[in-house]
Amino acid sequence: MDTGRKRNNPNPREEANPISVLLFWWTVPLFKKGYRKELVEEDLYNPLKTDASEYLGDKLETQWERQLKFTRQSGKKKPSLLKALALTFPWEYTKLGIFHAVNDLGIRLIQPIILGWFLGYFKPESDTRKEDAYLFAGAIVLLTMLSMLMFNHFTVGAFHIGMRVRAACCSLIYRKSLRLSRTALGETAAGKVVNLLSNDVSRFDMVSIFLHAMWTAPLSAVIITYFLFVNAGYSGLIGIGIVFLIVPLQSYTGRLTSIYRERTAIRTDERVRLMDEIISGIQVIKMYVWEKPFAKMVSLARKSELKEVIKTSYIRGLFMTFQITTTRIAMFGTLAAMVLFGNKLSADKVFVFQAYFTALAFSMSMQFVRGVAEIAETLVSIKRLEEFLMLEEFQENNSEGHNAITRENGKDGVILKHITAKWIASVKDDTLKCIDLRVKRGELIAIIGQVGSGKSSLLQTILGELTLSSGFININGKISYACQEPWVFASTIRQNIVFGRTFDSKRYNEVIRVCALERDFKQFPYGDLTFVGERGSSLSGGQKARINLARAIYNEADVYLLDDPLSAVDTHVGKHLFNDCITSYLANKTRILVTHQLQYLRDANHIVIINDGAIEVQGSFQELLGSQVDFAQLLGLDESADLAVEDKPESERMVGGPISNLLRQISRASIRSKSSNKTVREKDNEETEAPVNVEASTKGTLKHSVYIEYFRSGANMCVVSVIGVMFLLAQTAASAVDWWMAYWVTQEELRTLYEREISLVTHTMGDNSTFGREHHSSLQEMLSTYTYLYIYTGIVTTLFIITITRSFIFYTFCMRCSSILHNSMFSSIIHTSMRFFDTNPSGRIMNRFSKDMGSVDELLPKAIMDASQIILMMAGSLVVAVSVNLFFLILIVVMGLFFWFIRKIYLKTSKNVKRLEGITKSPVFTHLNATLQGLTTIRAYGAQNILRSEFDRHQDLHSSAWYMFITTSQAFGFSLDLMCLIFIALVTFSFLLVEDTLGGNVGLAITQSLALVGMMQWGMRQSAEVANQMMSVERVVSYKYIPEEPLLETPQGTNIPRGWPSEGRIEFEKLYLRYGESGEPSAIKNLNITIQSKEKVGVVGRTGAGKSSLIAALFRLANVEGTIRIDGLDTATVGLHQLRKHISIIPQDPVLFSGTLRRNIDPFDMYPDYMLWRALDDVELKDSINDPLGLDMHVAERGSNFSVGQRQLVCLARAILRSNKILMLDEATANVDPQTDSLIQRTIRTKFADCTVLTVAHRLNTIMDSDKVLVMAFGTMVEFDHPHILLQNEEGHFYSMVQETGHIMAEQLSRIAEECYHTKKKET
């Protein structure tokens, strides 16, 4: 599956010296490169050896296996993924804990004490020496520097370990996906696994930051409580009490967050699953005009999801309110208590208390509480991961004691002895019942039977996918397998065929010859190196089937299991595949062929007829001829539809009704034309590589700024302005609290000074001294202590009210933005052209709806709130500092310019790296999706290790981008902290140079400056995070502007006759159809035909002739040039919805959606139940629906609980219900057995007698009684007339196709055409 791109770009971190690592100097070259050019995937470094996905996956898998083993031995209920993770990364988390403890319990708690000593120097009449003050100032700066280094390396280490845990879990999830049993796979939606890989594992990134706060925060709280009690007595305990009242409240809200997070995850799973189904079945949705019911379903799922997200957001808003108010409310409580207890306020005490409360609030109210929430959310994710990891696994030997699949040598290829099996253990009925089958080495076994009889289940049992209830299987040698529904993944055609095996050009060329692929390779622009889209989106059904078969044939094996490989191809190709490939090329191999093509039974060594999960009869063709079993009844064949025995050639007339009936069916089965026997020239090393479909950058694709797009999506700019004002008011109130506290302390210090001076003067000079009167008048002018306290109370209360109101308004607005962006994106996706889905893998689109929408829903509002609040707090701190000394303004301006310059360099690199991170994540999802779709094939080939390595390569690329992102972010943060350190040093030492500064002002300036250290970095980081999360908005909005299909609705002025189309007459005039842009070749060229009302027209031609393109043209699914008229009305003037609504189709690949049967037939609820039941009865499905829920019976994802034939019948029921005048059949009977084929043909003849029917034919007998046949080649019409008339032209294409079926068959087909022609002539 690898596209062949290899990179080798050594990571500079591995060779960096300790100083370079300490100062993040090794990241400088990357910043230089990122500033000069736009970074691309080739610029990504190799991941570190310890970050390799395979290495991490192996480590975690080893520990998980030990947990499973321990659980089995000890009898515990379930193993613990948490323990496995802890044992996988013990030293990494221990090292983080040491860093965190030294910083939080050492440096941060010593700093306030030294600050108190330093502020003591500024007290009036202080006895602290200036030399000591310089030492204290130096100690403050040194401790700040140490704290800064510890914090930066702790943060980068935490994000790094988070990434490694995430990568290990992703690797483990993928490995588990490869082992899922078919039952577990059926119960697990691909969308859920994508969600585990995108959202759930991302919790590990953040939890590592807060994990150690769980034990350091309570410890630091105890130490701080002791210090405060010693210095402030009971007043200090009141402040502590306030913090401890808030913390449990926040912890409780954290628990609520985890509950809502779990609910959100379930609802997100549902929405992502729904989106996955919609993207997979988009063509069917468009042709049925089912956009509205699906949009309604997505809308309901989205509303349900956002209902939970907004609860989490409100809790986050409350948390952000406490972040800005906790320290201030605690300080208010302590200062109020001190005043009430009669204690004096002084700067050296108050600012030490503030430093301690800031440290306490940071560790308890922020880190501890956030940690509780993050850990709770992570535990929810771990629980979901554990549930997935505990799903039932595919057992390679499928042994349950007495049941086993063994592989040993012997004369028999495959032996099945007394096999009984069922898909779901709890279901009473067995899928296979007492199967006994012995397949000799080198034999060809044909397995036939009706729809749902158990043919595919028999192959799945041999593969070990279906667990045995009893019996055993012996397989001689290796197995190769071709699945019924072709599996093609996004890669080159060659890689799809070789599939990780060694490339042998001789064998490869022979395989593509016998699989009739040479002609197709010549048509492709890059031959077999042409890149095909996901699920083979650029290939026809026949091409996919042959590539799928070629993969099985190229794989050297002893036993080949071929599940109906001939149905999806034209009959002449089918004949070539059977003769040249299955019969000749695999002549000496054991082959088990499930088929509905009965004409090939003559060449089988052994025939097995299965009915209702049991072998009804088996033997050679001659043995079956000699028996008297009623094969017609057994196979559900329709005798009435066949020719009379008397009309057969002599060689075909045999005694015995049942046998002659079988032979009639065999000989009636269609064969089309021979394949080209030309060899493809071998292209070894000089081939031109096909361009790889890599996701394009969204940079510069938007009309407006992405910020304007985001904010305008939720409301007009007036509302945005009001929210902005609320943010400013909140910060103004916060700064006012800080400033007023410092001002109050200064006034109280002055009050103490004046009172002492007055007392001293009065004692020595008496009451009448001038000096005493001045101090007395100054005292009189001061407000009373209680007045200061009342004002302080008012400001604190205002702050709390404004901040909580602001938070709730902001999050409500963000949810509205998120909702509208999702709806706009979904609307664009569902209304865009099919070309978009052909050129964009589903993983890429799903990435927008899962990871990007997850970011817009939760991470972006959090980042905007964080960034704006912290930047405003920084601005507030700087304004307060400037209010102390205006000269600080010069420093701030210089620093501001430096910050702007650094941020500019960082953002340019960071946005590029973040963009690459988003782009490299998509292939991980696409690879997972493709794996889940082709799981049976992957296991049959034993290709698990190849795919695992491929997944590891994709993940390594993403890890490389993520590591670059976290290290560049931290290098940026470190440079900001370095500037803050210089600012703090200058501010601190400046007060020693300026005399007569009051302690209150010094304390205010230093505490505000110290707060900048972590805050400046976090603020800039969060502002960059906003810019990076905006990349998700950019990616979402870029899909909002995808051009929609032209003219979805009919313009108002257009006059469409009532009841149109009433006749069903179709005219094609100078029709050209292109799937791509104007420069690309046309799939249909200059088509000019008229199909009369009620005519039945068959469309035939080789693969790639343009048969299915005719349907695309009629439904206008691609670019149409020329005119198509229905009942004389040009369809270009009719809205696409109205046009498609009036054309019925039974598609080539029958698609069912998960939900109920009712919603699959009538999603608009337009018809009463009796009409639905009647439609199901018409297609003979009514009796097989034995579910007590009836029409509300459950339909699994992609209709996996229905057989392919049953799905096709549901599609037929849809067409009957619609009762339109035009019906299209796109090879609708390709994958069904003769009975279902016969039923569909009979139903079409009776139910659609008054309709115009276009049938893209696969079996010539289905179109020989048509009114006309359209023969196409290379996109052009080569013949168009009644089949009988076309057969008169011995040089014609149709004549040669019929002749290629063999003399006897050609005679019969000609007779059918002639009879129909004369019958029609008589009628007219």
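Our numbering is plain: 1 for the first residue shown, then up by one each step along the chain.
From the backbone N, Cα and C atoms, a Cβ is placed for every residue, glycine too.
The feature transmembrane segment is assigned by TrEMBL to 105-122 (among others).
According to TrEMBL, the domain 'ABC transmembrane type-1' annotation covers 106-366 (among others).
Among the features that TrEMBL reports, transmembrane segment is placed at 134-156 (among others).
Using a Cβ-Cβ cut-off under 8 Å and counting only residues 6 or more beyond its ends in the same chain, the transmembrane segment (209-228) has close neighbours at 93, 96-97, 100-101, 104-105, 108-109, 112-113, 155, 158-159, 162, 236-237, 239-240, 243-244, 334, 353, 356, 359-360, 363-364, 367-368, 370-372, 374-375. Residues or ranges marked as transmembrane segment in TrEMBL: 209-228 (among others).
Annotation comment: TrEMBL describes 234-253 (among others) as transmembrane segment. Taking Cβ pairs closer than 8 Å, the transmembrane segment (234-253) reaches residues 221, 224-225, 228, 315, 318-319, 322, 326, 329-331, 333-338, 341, 343, 353, 357, 360-361, 364-365, 368-369, 372-373 in its own chain, all 6 or more past its ends.
Among the features that TrEMBL reports, transmembrane segment is placed at 317-341 (among others).
The feature transmembrane segment is assigned by TrEMBL to 353-373 (among others).
Summarising the annotation, TrEMBL assigns domain 'ABC transporter' to 414-637 (among others).
Annotated region 'Disordered' per TrEMBL: 673-693, in sequence order.
Summarising the annotation, TrEMBL assigns transmembrane segment to 714-734 (among others).
The domain 'ABC transmembrane type-1' annotation in TrEMBL covers 722-1032 (among others).
Under the heading transmembrane segment, TrEMBL lists 789-813 (among others).
Look at TrEMBL and you will find 870-902 (among others) tagged as transmembrane segment.
Look at TrEMBL and you will find 971-994 (among others) tagged as transmembrane segment.
Under the heading transmembrane segment, TrEMBL lists 1000-1020 (among others).
Taken from TrEMBL, the feature domain 'ABC transporter' covers 1066-1299 (among others).
Stretch with the largest number of CB pairs closer than 8 A to the domain 'ABC transmembrane type-1' (722-1032), among 106-366, 414-637, 1066-1299: 106-366. Predicted-model confidence for the domain 'ABC transporter' (1066-1299) is 83, expressed as mean pLDDT. Sequence-distant contacts of the transmembrane segment (317-341), counting only residues of its own chain at least 6 positions beyond either end whose CB sits under 8 Å from a CB of the stretch, comprise 228, 232-236, 238-243, 246, 250, 253, 350, 353-354, 357-358, 360-361, 365-366, 369-370, 373, 730, 734, 737-738, 741, 744, 785-786, 789, 792-793, 796, 799-800, 803-804, 807-808, 810-811, 865-866, 869, 873.
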